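So that you can see what the record holds, here are the features copied from TrEMBL:
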- Cys102: active site, nucleophile (ACT_SITE)
- Arg28, Ser70, Asn265: NAD(+) binding site (BINDING)
- 1-102: domain 'Glyceraldehyde 3-phosphate dehydrogenase NAD(P) binding' (DOMAIN)
- His129: site 'Activates thiol group during catalysis' (SITE)
Amino acid sequence: MAVLHGKYDRNANQLFVGDDAIRVLHERSLQSLPWRELGVDVVLDCTGVYGSREHGEAHIAAGAKKVLFSHPGSNDLDATVVYGVNQDQLRAEHRIVSNASCTTNCIIPVIKLLDDAYGIESGTVTTIHSAMHDQQVIDAYHPDLRRTRAASQSIIPVDTKLAAGITRFFPQFNDRFEAIAVRVPTINVTAIDLSVTVKKPVKANEVNLLLQKAAQGAFHGIVDYTELPLVSVDFNHDPHSAIVDGTQTRVSGAHLIKTLVWCDNEWGFANRMLDTTLAMATVAFR
C-alpha cells in the first residue's frame with residue numbers, strides 16, 4: 001500500500017486501481033444513485049443494510065438493470081443463489097437476486113453432496129467465525145449484551161440464521177437442522193463444524209473419498225479438499241466456497257457424520273459474487 005505525502009494531484013472522487021478509475025459516490029438515497037448516467041448493468045449491493053425487494057427496485061429505478069445483494073434477502077426476491085448449486089435456475093427475467101451469505105455458500109454444497117449420497121435425516125451446524133464490524137474493540141454498548149464485550153478478548157456466541165438459509169435451499173429439512181455461531185478473535189477465515197445423521201451406513205474414508213472426488217469433478221473451483229495440517233490463516237485468499245479438512249472427518253455409529261469445512265469468508269465469497277454476476281449477465285444479455 002502506497003503512502004502519499006504532499007498534494008494529491010488526482011481526482012479525489014475516484015478510486016484508482018492501477019490505471020483504472022472507479023467513481024466514488026456519497027448518496028443517502030438509493031434513488032439518487034447515478035446508475036443510468038454511468039450505464040450500470042448489474043449493481044452489487046454489498047452494504048449489508050439493504051436486502052428487500054423495495055431496495056432492489058430503488059436501484060433499478062435509478063437506472064440499474066439488475067441487482068445482486070451480497071447477503072440474504074427477503075423471501076420475495078427473484079432468486080437466492082449459491083453458485084455451484086443452483087445458478088442454473090437463473091432466468092433473464094430475474095432482476096433482483098441474493099447471493100445468500102458466505103457461510104451458506106460454504107456449507108450448502110457439502111450438505112448437498114452428503115444428502116445425495118447418503119440421505120440426510122437431520123443435522124446441526126456450528127459456525128466459528130472471525131470477529132466482525134458489529135463487535136466492540138473494547139467493552140462498550142451493544143443491544144446484544146454478549147456483543148458489548150471486546151471482540152479481541154473472548155469467544156462470543158451470537159445469533160445466526162444459517163439454519164433458515166439451509167432450509168431455504170432444502171425445504172425438506174425444515175425443523176430438522178439447527179445452527180449456532182461463535183465469533184473468535186481472528187481477522188479472517190471461518191470454520192464450520194457440520195454434523196448430520198444419515199440413512200445409509202457409511203465410513204469416514206468413504207465420506208472423504210466422496211468429497212475429494214466432488215472437489216476434483218462436479219464441484220471443482222467451488223469445493224476443495226485437503227489433508228494437510230493447516231490452520232485458519234493458511235486459507236487466506238483461498239477462492240473456494242468450501243475447503244473440506246479430511247483429517248477432521250469422523251463417523252460415529254455408521255450414521256452420524258461430522259466434517260470440518262473452512263472458507264475465506266471474504267475472498268472466497270467475493271469470488272462467488274463475481275461468478276453469480278457473470279451468470280446473471282449471461283442469461284440476461286446473451
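Every residue number used here counts from 1 along the chain in the order it is shown.
Using N, Cα and C of the backbone, Cβ positions are placed for all residues, glycine too.
These numbers come from a predicted model, not from an experiment.
Annotated features taken from TrEMBL, shown on the structure.
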| residue | record | Cβ neighbours (10 Å) |
| --- | --- | --- |
| Arg28 | NAD(+) binding site | 6 |
| Ser70 | NAD(+) binding site | 21 |
| Cys102 | active site, nucleophile | 24 |
| His129 | site 'Activates thiol group during catalysis' | 21 |
| Asn265 | NAD(+) binding site | 22 |
Collapsed DSSP category at Cys102 (active site, nucleophile): helix
For Asn265 (NAD(+) binding site), the three-state class that DSSP assigns: coil
Between the residue listed as 'active site, nucleophile' and Asn265 (NAD(+) binding site): CA-CA distance (Å): 5
Rounded distance in angstrom between the Cα atoms of Ser70 (NAD(+) binding site) and Cys102 (active site, nucleophile): 9
